[in-house]
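See structure below.
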Amino acid sequence: MAKAPMRVAVTGAAGQIGYSLLFRIANGDLLGKDQPVILQLLEIDNEKAQNALKGVIMEIDDCAFPLLAGVSAHSDPMTAFKDVDIALLVGARPRGPGMERKDLLEANAQIFTVQGKALDAVASRNVKVLVVGNPANTNAYIAMKSAPNLPAKNFTAMLRLDHNRALSQIAAKTGKPVTAIEKLTVWGNHSPTMYPDYRFATIDGKSVKEAINDEVWNKDVFLPTVGKRGAAIIEARGVSSAASAANAAIDHVRDWVLGTNGKWVTMGIPSDGSYGIPKDTMFGFPVTTENGEYKIVQGLEIDAFSQERINLTLKELSEEREGVKHLLA
């Protein structure tokens, strides 16, 4: 028997990431090749954005995707999020010229408070929320705190792009395919303070750390390359990474819904206190997923260097959280 369609909301739907994302969702890349989807697309309430969204929907229609059971355009989160099973919160206020990080946090806090409240009011009680729009961890924290009637575990932030970037750097360094690499993780914030960690990773079952055996490369090349990759892409292309971000969002949600078969992935999730990360902090952890639930990989040894890096990214997240506290009161 055919499956009932799942409702997927995407915000910032006419933006660059949205444009790279929507066609792949409609094609079945997000939820599987036998799962029909209904797209509920949100854009800001101005004529230019809504017209752009109409154009995107015309293109989606013109693809005649067999799995697409419906698509609608919205300017109000209360209609866009009605009964949704998955919400991809892509739209966020970008940092403008002369804007301090504090201003950026405040501008986004307003957006994600409204969206969190709307999800709380009208989304499915099992909705899975992924925040892509930056600063992703803190935006996800704000949305979660604005939705007290939904389980906190339903809210996640995207660190999969950092995870995939780290994978590709290790594959290039070792000359092995990305599929051979397992047990990699990225700790912390989706920002240059993140900590990509291959101490436990394996290639074809053998230790990556031993295969690379180069601590100087780890500290001076690998960590900064992954941490500053977004900036390097802006420098080269003139615009921020969109297709790779959309791809990471699809990886994140697909693995969350369909399971990882015991493989580790990285998700930004509300901490349960593991590894000394304060409860509710939206933090990148190694996880495995099964039956639509994620579980933090436990029992990993945190050496002195790793602890230092984790403390650094945690400090930044705590400062961001402090910076928006008054807006959540």
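A Cβ is built for glycine as well, from the same backbone N, Cα and C atoms used for every other residue.
Listed in Swiss-Prot for this protein:
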- GLY12, ALA13, ALA14, GLY15, GLN16, ILE17, GLY18, ASN108, GLN115, VAL132, GLY133, ASN134: NAD(+) binding site (BINDING)
- ARG95, ARG101, ASN134, ARG165: substrate binding site (BINDING)
- HIS190: active site, proton acceptor (ACT_SITE)
With an 8 Å cut-off on Cβ-Cβ distance and a minimum sequence separation of at least 6, pull the same-chain contacts of ASN134 (substrate binding site), or say none. ALA92, PRO94, ASN108, HIS190
Give the distance between the Cα atoms of ARG101 (substrate binding site) and GLY18 (NAD(+) binding site), rounded to the nearest whole Å. 24
Among the binding-site residues ARG95, ARG165, whose Cβ has the fewest other Cβ atoms within 10 Å? ARG95
Around the Cβ of ARG101 (substrate binding site), other Cβ atoms within 10 Å, all chains included, total 14
Quick one: of GLN16, GLN115, which of the binding-site residues has the smallest count of other CB atoms within 10 A? GLN16
What DSSP gives for GLN16 (NAD(+) binding site), in three states, is helix
Specify the count of other C-beta atoms within 10 Å of the C-beta of GLY133 (NAD(+) binding site). 25
